[in-house]
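As given in TrEMBL:
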{"type": "DOMAIN", "residues": "80-195", "note": "domain 'PARG helical'"}
{"type": "DOMAIN", "residues": "211-413", "note": "domain 'PARG catalytic Macro'"}
{"type": "ACT_SITE", "residues": "239", "note": "active site"}
{"type": "BINDING", "residues": "242, 256, 297", "note": "substrate binding site"}
{"type": "ACT_SITE", "residues": "257", "note": "active site"}
{"type": "ACT_SITE", "residues": "258", "note": "active site"}
């Protein structure tokens with residue numbers, strides 16, 4: 001099996017907690033201790049005071065106080081609709097207690113990030129991560145140095161301040177997360193975050209080294225029209241990521257990546273650790289626990305209750321689960337949709353999937369996990385489903401993985417079976433030749449570059465043009 005060598009880096013950078021400023025932490029600590037012991041009314045008052053104190057001390061904003069309508073909506077949901085006032089109070093006490101553990105959990109008041117262009121891995125316990133998320137709940141995570149190029153801080157600012165249906169649903173997911181932590185204090189595990197990187201000198205030669213010349217035969221593909229990627233345990237599950245990991249998870253976004261961060265809340269730690277993904281990088285996350293069930297998608301996403309995660313632990317004390325985080329190119333403007341078929345875009349997406357589907361430590365070469373994926377970058381990013389299917393099929397095949405493809409019953413995927421029939425048994429270099437030939441065909445036959453490509457353009461080209469052309 002052909003392998004892409006990886007590079008190990010040893011230059012470290014750090015993201016900080018608010019405890020780096022002792023004079024600030026003393027004031028925050030006093031309010032957290034009051035929340036830790038308060039009644040329902042006292043808790044709401046102290047959280048309100050803490051929120052505006054943090055705005056002043058951390059972000060230097062002297063805002064006129066107004067009600068935290070989102071948090072009030074969560075309180076009303078738990079206290080009135082579920083009639084569990086005592087539960088709300090207990091969980092708020094727990095979150096405050098966990099936030100107060102920060103000096104024990106992170107003695108240096110900072111975390112080491114997974115720096116760009118380096119292969120590094122960091123592991124944290126589930127308790128450490130819940131401590132960090134507790135700080136996010138109270139909006140105490142400071143902005144980081146912009147040179148680190150990290151995503152938004154994991155603060156619940158928007159959800160607490162503004163009342164919205166999707167904001168309330170997101171708070172329900174995290175209330176369940178903290179309640180589960182409160183009920184299972186012995187549940188201490190490890191979660192690992194690993195940055196994968198192909199060195200530039202190798203990346204620049206991948207076309208010749210792999211795509212144009214590899215005789216690796218295409219792997220097996222299985223389709224699932226109704227299932228979900230996250231239900232396919234024992235596989236390499238793909239997060240259709242933003243280049244800033246998490247995308248709109250701390251705002252009101254609720255598509256595939258954001259939903260994963262709701263039902264697997266420990267994934268949030270990645271926002272503190274992972275700078276923007278570059279073209280030659282991916283992230284592997286091991287051991288995140290699933291806490292919640294849900295229904296719907298987008299603004300129709302709803303929390304439906306706790307989830308019992310029965311996955312066993314691996315030899316490293318992590319839940320036996322791995323996500324690969326890969327970001328697609330955004331072809332959101334119709335005028336750019338055809339550009340995804342050109343050589344530059346093809347190579348970028350092929351190489352991104354290649355690094356995302358690469359091996360992880362301890363994975364046996366002769367028994368690799370199946371890739372569980374779907375229409376990567378085909379929603380708001382306007383990726384072509386047939387093209388993204390072929391790209392992922394080629395990358396998975398080179399890395400020695402079969403692929404399970406979840407179509408989510410999308411009619412844009414109805415002709416994928418035709419691609420498999422036409423290409424079964426072909427090699428990677430033959431597939432690459434098909435993609436380049438199709439790109440040239442489009443360029444020669446597209447009169448209006450601003451028109452939208454047809455959903456079955458690639459499958460029809462393969463079956464009706466490519467294999468019938470004169471040689």
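Note that Cβ sites are derived from N, Cα and C of the backbone, with glycine treated the same way.
Those TrEMBL annotations? Automatic predictions, nothing curated.
Model, not experiment: these values are computed from the prediction.
TrEMBL feature annotations superimposed on the structure.
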| residue | record | DSSP (3 states) |
| --- | --- | --- |
| 239 | active site | strand |
| 256 | substrate binding site | helix |
| 297 | substrate binding site | coil |
Spatial separation of residue 258 (active site) from residue 242 (substrate binding site) - C-alpha basis, Å: 10
Mean of pLDDT values spanning the domain 'PARG helical' (80-195): 96
Euclidean distance between Cα atoms of residue 257 (active site) and residue 297 (substrate binding site), Å: 11
Inter-residue Cα distance where the pair is residue 239 (active site) and residue 258 (active site), in Å: 9
Diameter of the substrate binding set by C-alpha atoms, the set being 242, 256, 297, in angstrom: 17
Distance from residue 239 (active site) back to residue 256 (substrate binding site), taken between C-alpha atoms, in Å: 7
The domain 'PARG helical' (80-195), counted residue by residue under DSSP: helix, strand, coil: 61 helix, 15 strand, 40 coil
Rounded Cα separation (Å) that holds between residue 257 (active site) and residue 239 (active site): 6
